[in-house]
Structures are given as C-alpha cells and as structure tokens.
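*Asks:* Here you go, one structure.
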Amino acid sequence: MNLKTLSASLLFCLAFQRCSSRPCLDPLASSLYASSFLASSRYNFLYSANFARLYGSSGWSPAPGDKQPWLQINLNRKYRIVAISTQGIFNSYDWVTKYTLLYGDRPDSWTPYVQRGGNSTLSGNWNYYQVKRHNFHYAFTAKHLRFLPLGWNTQWGGKIGVRLEIYGCPYDSYVMSYGGNDMLAYKFPRARHHTPKDHIALNFKTLERDGLLLHSEGLQGDVLTLELKNSRLYLHISLGSSTVHKVEGLTTLTVGNLLDDQHWHYVTIKRYGRQVNLTVDSHTESAICNGDFTHLDLDTQVYVGGVIEPYMSHLPGKVNFRGCLENVFFNGVNIIGMAQQKEPQIRFPQGQVRYFEIEQLGSDPLTFAGPNNFLQLPGVIRKPRMSVKFKFRSWDYTGLLMFTRFADDLGALELGLSEGQVNVSLIQPNKKKIQFGAGYRLNDGFWHTVEIVARDNFITVTIDDDEGSPLKITNVFVVRTGDHYYFGGCPKTNNTGRCETKLNNFHGCMQQIFIDNEPVDIDLILQWRWGRYSELLLGTCGITDRCTPNPCEHEGRCIQSWDDFLCMCENTGYKGEVCHRSVYKESCEAYKLNGKFYSGNYTIDPDLSGPLKPFSVYCTYKGWTVVNHNRLDRTKVTGTMVDQPYLGDLEYFNASWAEVTALANTSRYCEQWIEFSCYKSRLLNTPHGQPFSYWMGRHNESHLYWGGSFPESQKCGCAINGTCKDTRFSCNCDEKTGLSYRGWLNFRDHLPVRRVVVGDTNRTESEAQFYVGPLRCHGDRNTWNTVSFTKPTYLKFPTFRPGTSADISFYFKTTSDHGVFLENSDDRHRNFIRVELNSTTDLLFVFSVGDGIINVTLRSPWALNDDEWHYVEAEINVKEARLKVDYLPWAIRRFPGQTYVTMKFTQPLLVGAAKQKQRAYLGCLRGLRMNGVPIDLEGKVNDKEGIRLNCTGRCLNTTMPCRNGGRCMEGYASYYCDCNNTAFDGFYCHKDIGAYFEAGAWLRYNIRSEAISDEAQWAHWLDPHNFSLGYNQTSDEIEFSFSTTQKPAVLLYISSFVRDYIAVFLKTDGTCSVMLRYRLGLLTHKFQVSSRNLADGYPHFVNITRHNRTIRIQVKPISPLTMQFTIEDIRFDSPKSMFMGRVMEVGDIDYDIQKHNSPGFVGCISGVRYNIYAPLKTYFRPNMTHPPVTVQGFVAESNCGAFPPVLGMVPLSDDPWYTGPSKTSLLILLISSYLVTVLVKWGHGGAVGWTGSCSPVGLGFESRLGCLAPVPRDPIWDKRF
C-alpha cells in the first residue's frame, strides 16, 4: 500500500473515531454564524432563528400564523451526528413538548430520524430551563438539519419556543455515483486475500429495489457477495466448500427493508472466524458460517457496485447497482478514496465516466403524515383529455390517492386505494357510478406507479408501467378537466374545489407527479401559491417498516399500517399483543391445579414465554407428565467393542432435546426406568475400571450407575443391596453368565436419558439388550420455591435481559402495607422496571423504558396485606403494560403507536427491595418467573441477612408466644398478638381483665337483641360451620377464674330467647362445690364441675367446652372430666344475655337458679369468655361508643380473681408496654407484697376470709392483697398483673 492509500485509510479512521480516544460529542451549533440558521418564520426580531442556541438568552419562536413551522441549520460541511439537546425560550412559558428531526446532504432533500419501533417523534421539554437530551441509537451523517415542532406548551399563554444543540464530529465523505452500467474493482495486494477476520463498511442510497454492492470469489469456493434484493440487504458468504467431504459453506444473512427510499443507509460487516455480523443502520443480524473453515480466501479483486467484464455485463442473476456509494472501506482500505486518487490498484471498465459526487435521483418525495393531510395542485380547465401519473408507497389498506372534479358540473373522478388495489370511481350527475379496480397488493410498502388517462367514453389505468396489460373501460361519459387536483385527501376548510370522498386520508409517500404529461414542480407551485397543502413533509419519504425486524415473537405474523402494527398469533401457541404469552400451562401439575383431573394428551410449555416451543405430552389424573421416545421397544446389540460402541440415541416424541430438558429441570421429581440384559457382555467390568457400557444424560455427561443405585456410584442395584452373585463385581452382568438388570433412574439433574452406549458384544454368542422407559415427571419445583424476608434486605440475581418484551409473575404473602418486590435498572437509574406494593390495596408496576417514568396501578377492592397468598402478573411490550393480581381484571396502560421499549439493564436484579435497600419488602415470596424462566429464590437463603427458607416469619419462633388464646399476627420482621377474641389484654394477651363485685352488684352483657330468624336457623342447619350467627349452636366454650368465700352464688348465667340456658353456680350445701346446668330443648342436664370446696378465697380457673354431645370440664389443677349428653336436640338456641353477680333476667327462671341467686356473688372474677364474647373486657376496655353492657351496683376493675399464669410472668425485657421502675425496685415491691400476703393469711387463721366490711373503700395496697379486693389503681401492679 502506497502513501496515498495509507492517508485515505487514516482519514476513514479519523472520521469514524476509531483511531482517536476523543469521543464524537463536539457541540456543532453553538459556533455557527447567524447565517447558518434559517426558519419558516419568526415571532419577532428577538425570536429569530439565530437565537436558537442552547443556554442562550432568548430562543426561536415562529409567527403565530405559521401552520407548518420549521427551524433549519446549515452545518457548512458533513458531520457525524450522535445527539441533540433542547430547551425552551429563556424565562418564559414557551417550549416544545415533541418534535421531529430531519437531516440531509441538501436543504431540499430530507431523511427523518426514526427511533426504534418506527417512531419519528422525539419527546421535548416540560419547562423552559431543563435540558432534554436524546442520544441517537445509531449515528447518521448530515450537512443540513431541520427541526419540526409537533407539540408545545399551551398553558399560561405558552407557544412554540426552542433552544438547541447538536453533537457530533467531522465526517469525511468519499462518494461515487453509479448509473447501473458502472463498477470499480479493487485489486488485492499480492493478488490474494487471506484473512481470519474482516471489517467492511459502506454507505449507500438508491431508488432501486435490486443492485449488487460488493462481490468477490475464491478458487476454493470462498464467496463474499453483498446485494440489494427486493429492497432488502443480503450478505452471501462462504469460507470454503468441499465436494469430497460434502461441505456446503454458503451462508446467507438478510437485514432491513424498504432500503430503496433514497436515504443514506450505513452498512457494516464484521467477521471473526466463522462468526459474522451484518448491520444496517441499527439493526444487526448474526450467524455462524457453515463448514469448518475459519479464513476467507478471495482471489485477485473485489467488485464494487457491479461486475462488468468483457465477457459479461453483469453477474448472472444480478443487476448492477444504481445509486450512490459513500466511504467504501474494505479492511481499512478506502476504495473510493483510492479511486479518486487514481491509484493503480483500482480498475474501471473501459470508457466508464466516473462521477465522484452525489447524483440526484428522481424528484423529491412527499410524505402524507397527518390525519388531515392533503395536497392541492392546479390544472388546466376544460381540456377534453385528462392524464395523471404519480408514484406512491404505503402500508395502509385504504386511502384517497387523487380526486378531481370536472368542469361544467360533468362529475368527478376519484382514485383510491382499497384492500391493496387501486379503485377508480367515475361520478356523473344523474347516472350510476362507474367503479373498477386495478393492481394487487399495492400496499406492500414499495414504490408503485399509477397512470390514469381519461377522455370521452374511455379510461385507461396502468399500474407499474405495465403497458402490456392496462385496464381499459369504455362507457358513455364526457371528460372536461377541472382546475384542481387533490392528492392524499380533501381539505376540511376552504374546499373551493368541492373535494368529496368517503375514503380515509392517504398515509404514505408520493413522488414524480405528472399532470397532463407535465412534471409538477412542487416547490415552484407552493412558492407562487398556485397550490396549497396541509400536514405534509416536503422533500422526504418518512415511511418506515415496523415489521422489520419482526416485533411479533414466537413466529407470529406481523401486519402493519402507516403508524402501527398488528401481530397475528394463530397457530403459534402464544397470545397477546406481540405473541409473548403462552396459551398452555407449564406442566401437568399446573393443569391439575386448574381443574383438569382426567388423563389424556395435553400440550405443555415448560418455559412459558421463553424461546422453547410447546409440545405434547401424556398427563395422568394424578398429575404425572409422561414423555415417550423412540426406544420404548427393546434394542438388541451385537458386534460392538469399546472403541467402536453402539450408540443408542433417544429421540423424544413431539419435543426437542432442549424442551424435554426444560421439563425435567422445572419438575420436582423425575424418574425413568432402564433395563439392561446381558449375555457374555460386561457392563461395568471392575469397580474402578473403564466401563464397557454406560448411559448419557442431560448435560451430555456419561453416567456409570444404573437403576436402583446411587448417582456416580459406578454400581448396579445388586451391589447396593448386596445381592450380586459374585462379590468381586458391582454388577451381575460382569459375570460370564447371562443376566438382566432393571431399576429406576431418579436423580432429576441427570435426566432425561439421552443415549445408551453398549461396548462389549463382539465375542462369540455375546449379546446385550437394553430398554429405556418414558420420562415421568411430577410436581413443579418453581411454584413452591419460597423464601421469607424478615429484615430490610434484597436478593441479587444476574441482570434481567428481556429484549423488548417482559413478563413477571410471582406469589406474595405479607402483612406490610408497602414494599418493593423486585427492581432492575441501569447504572444511572434512567432505565428500570419495578413491581411494588404501594399501600394496603395498591399494586404498582413502575418503569422507565424509553419515554420517562410511567406506572400501572392496580387498586384492589380488598386489602392485599392480609397474610394470604396473592398471585401477581406483570407484562410490558411495545404495545402496552399491564398488571394483574389474583382474579381481578387487568390494569392496562396502552402506549401510543410507534412506541419502542428499551430494557437495557446493567445492574443486578434485586428481589425484596429497591436500590440501597429502600422500601424493603417484609413477607414471603414464591414462584418468581421472569420471561418464563424460574428464579431460584431458595438458593439465596441467608438467615443472618434475614432471608429464611419457606414462609417462616417471627410467629414460628417467638421469644414470647401469645397467651390465653391470642392469635399471633405476622409482621415477618416483628409480630404482635391479636387479643380481640380473648378476655385478656396486653402485648402478649397476658394481662388479666377482672372485676370485684360487691353484694348485690351485677353485670349484663347483651349477646343478641332479637331471636334468630328461621332463615338463619335453616342456613346454619345446612352449614354447621357457618359463623354468620357469631357463634356455633352446637359448640360452646366457657372459661373464667374466680375467688370468693360467699355461697350460694351464680358465677355465670347465659340466657336465651327460648328456655335454653347455661348456668355455673356455687351450691349451698356443705361441699361448696361448683355445678353446671345445661338446658337444651325440654331437658335440663346437671353436671358437677368440682366436688371440692371452691369458696375458699383462692383463685380457681374453670374451663367448660362442649362439642355436640360431648362436654369437657376442668377446674385447674384437677384433671379434666369428659361426659356425654343423652338428648337429640344439641343446639343452644338464640342466646340472649350473659349475667355475672346476679341473674336479673326477665321471665321465668329455673328454681335451682333462683335458689342460688340471692344474695348474689361477692368476690372477684376474671378472664370471663363465652365463645367470642368477653363481657368484662367489653366493659373495661370498650372499643365502641355504646357497648352492650349494663352494670348495677359497685363493680370495679381488679385482678384479684386471676389464676396464676401457667407460663409465668412476662419478663420486663420482653414487655413493650412496661413503663414502671427498674427491675430491682419492682423485685423489692413484689417481695414486700408477698410477705404482707403471708402475714394477712396468718392473721386469718391460715385462710383468707372476709365479710361485708372488707370493702375497697379507703384500703391500701396491703389490704387489697389480704382481702383480694380492689384498691385505687396502682399502675405498677396493674402492669404486672
């Protein structure tokens, strides 16, 4: 390579920043002169175009009447553009909210910048001072830029206003124009090209669908061909072929579509060994070259733009390129630069004229891009012949192409696109409309030519210049041309030409318009205002192909229109906006959980939305998944040796190896039956020697154990259980006699069986047979993959890389009112997704994936922190984002058309909290899947970090359990005790709530205000476990403790609206025992609770439990007694009230109850509960405005009747409600109180007794202990007792 060639290569390197570490981020607009800025109009002098510089003191704003404003910048040379930043006008309400950016080499030919997804609308600002920056996903080259505002702030009198900056770096352009009969060839140094890697780059623009860009061949079958074919780019590459070894090395990659749009397209080919990447603009396709060769061997030369030799004008089956090529670099060699320098390594065909400049191809196109777009052009009136010709391209099925009204009210002619063909409608006054169609599938996005010629009684329509088959119509009509022609639509206002149509507006591109055989100069006509237009982009064709690359997943079919696309998912096994979600369950277990209990063939999809396809299996009614294969019959093997074994491959029916492996991987248990019969065929040979036969499993690894033995034991089942005939061997087959061995393989990580290798059947009469049963799997290891978070922390997993679609599903269970379930983001947190519980009822799916922070909120009608399992599903794609919990409807956030979702995360996936452990989740999580892939939560268990296996919170291992029937309420990081259905209080339900009753005092608790209705009785009879009544009629539970010396006394009485009652009382006889009376229906049942004297002044605890006819009675510490009812009616009907102290019920009262009711109970009673009713707690700790309690006489709160707790006192360190003195002070106080109690007892002859004079009025602490009667409240005592 000479010096000039090297200089050209260095220029290429500098232009693309490959030889410099300096980034391509130079500000380009700030240093330009004022003359480089041009605008369609200005608001006034202070808002001129040259003030539109970032951080400037003003800005550009167009005139209020400017219907299509634009701001244009001339960079004065070509640059490589990488980013743009915008602001609003300084200190104002003027800013642009969305805009389009056009670029080009000339100020009259434009290319719109298109984002991923086909969207050409860029988001703008939200105030005047903050900078909004867009980094382009692919760099482009341009000399001129045009800024088109599409939306702006309208609040507070705001208008269009912008300041901007463009970022990039200088770009050296080497251009050559090709007319279809041109080419150049670059001769390789040393006449040969032998490389292990290649880097080829070029830019092209054309209006042609087909054309050869590069071509070279080698003598060994190596090929490199780059061509346009049907507006798509194809790369054919071969690193060599061999007819001897039957190696076909040709590999083809294709990328892009609609590349004949007269815009610059940037092509890069990178190859390293057999790996090759082909990139057009920002779309890359990769492939591994066929064959085994790694070097590209090309001979002599590479052709650029076509192949022209004396013996052929073009390559067979190819057409030469027509258009412009720029900066063609072949492994660093600037081929066009060398051609301009007339280097000897460049060869041209003889007589070729070389054009090293951009050739203007055709006329400038127009883009019809708005809902009300139209173009009105003038015509010559009253001509007897009408001729219109133009080119168009579109994706839409319908739209108005052209409309004209004839002069003298002779009618009108309408040319429209309908169902992909051109429809012609001739409307005449007082006559039937003449309609006919021409063409087929003209909405394919390619350029199509339409020519219509009309004169009296004759119309001809020609499509794509096919003069051999024009459509001719002969009818009686008169043609006199009108003075206006409308293209793309009819104006909504000022419709002087009376353009009327029922067709939609056309959306697409047009160019090369001819009226009366004369080309129409659009710029000239609009300049002189002979025509008018609305919502058009002049000088550019803004059509984009939204189906390339295909946004529909799993081979879904893409159908597109001008601004949107639709995925057809039929027969794919998937559903959704982009065919992302599987229509099948992941396993037979999942079908069973969804109510499919019968055996049969089912289709499953183990990875759900993942890349693996669904496949058919057999499901048993017990939930087993069975997959058959081609080795279900016995296979007989003879004549094999260790170095030439028999390879018995298993091919599973309806499933690839990856799919059946995914089934085993997601199952909880798998098994596969295997049998090996041998006759003079050794299996394992020796315990530690090389095996003769073995089987291969999931990871293509050899396994030396067989059914019934342990993994990697290199033994058969007989060696495990000690039944081998010869103890020297680990398998019966290793003896000389013929035997068989069979058993289950059930180590799931090794299954399924992929191959059986048999290697010792080459001796006389030697033979082996093997049989492998179907793969059987059961359970789902992901659904119950569960952890619990008990501290603010998170689990880290590898970065989630979903592409353009993502789905997330999991179960959660918590009592917290907020918490982040998972989050994944980039380094700067500008791109992220997050699913979180925002409140007790609000679930949020928050994301920033291309257009700011957006959230989908699902509001549940019930609380989600109820400590029950809830199932969450979240999904996002280019069409929508949606969120679902349990069986509630989806909450959906639909995206505008042309949206692109960018989910490029760089940080680890965090589960359990956001970044820096913010908004941590406390609770349980299970069954997490991301894009169908199970996440192994259990593999990250760490008790020290607060991550526990299974759903285990603090209630499982509490430092102080809830007492007296209190329910432990899980907080995962903490817990609390629910005492609502107990008669106790306190953090652990350990504080007794009792009362002291003076003589004649009583308390009534109203259970019901009216009798139970017949309907409620019937409902309860049908469902005995229905607690809508507030209690169970066939079950009762009563508990309390008391202390007294007075008798007789009714301790507790429960009345009803009928004659049923329950009564517990002290008898009047000398035993002072406690009796229980039950009246159910017509009979009264008497039970002795205790035969001891319980009126001894000591606390006694009583528990009475009845279920149907069985009653259990216990007075602690005496052992419980169990007795039976002998009656049919076991229901306690319509309980009315509970009485303590005295029974003051209205109506008849049983004689025995009346006899024991006077003078009333005097003493202490605590912890009173009947089923869920606690009358003393309701009275002393009311939680309602008017509690259903009535008290008569003196009833004071006291724990004098409390029975000593079985579990002992709650330590001070564990009592969160303790606010008293220190432990030492309290200990002294307790010892003193104990001594006082002992002295008082001695003073009463060893027993505590009192009379009516033992009153709480005026007594001190000691008196209360001696009499077990209340005193003025002592907070220390009440806190502890």
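Using the three backbone atoms N, Cα and C, a Cβ is placed for every residue, glycine included.
Values in this document were obtained by computation on a predicted structure and should not be read as measured data.
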*Asks:* Taking TrEMBL as the reference, C951 is linked by a disulphide to which residue in C924, C977, C979, C989?
*Replies:* C924
*Asks:* Do any residues, 6 or more residues outside the domain 'EGF-like' (543-580), come within under 8 Å Cβ-to-Cβ of it, and if so which ones?
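*Replies:* Sequence-remote neighbours of the domain 'EGF-like' (543-580) are 114, 117-118, 120, 232, 256-258, 261, 283, 367, 369, 393-397, 445, 507-509, 603, 605, 609, 613-614, 804-805, 807, 875, 877-880, 897-898.
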*Asks:* Here are some disulfide-bonded residues: C924, C951. Which one has the most Cβ atoms within 10 Å of its Cβ?
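*Replies:* The residue with the densest Cβ neighbourhood is C924.
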*Asks:* Treating G and I as helix alongside H, and B as strand alongside E, what does DSSP give for the domain 'EGF-like' (543-580) in helix, strand and coil?
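*Replies:* Tallied per class, the domain 'EGF-like' (543-580) gives 0 helix, 10 strand, 28 coil.
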*Asks:* Is it true that the domain 'Laminin G' (784-951) and the domain 'Laminin G' (175-353) have 3 or more Cβ pairs under 8 Å, skipping pairs fewer than 6 apart in sequence?
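*Replies:* These two segments do not touch.
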*Asks:* Which whole-number mean pLDDT does the model give the domain 'Fibrinogen C-terminal' (579-633)?
*Replies:* 90
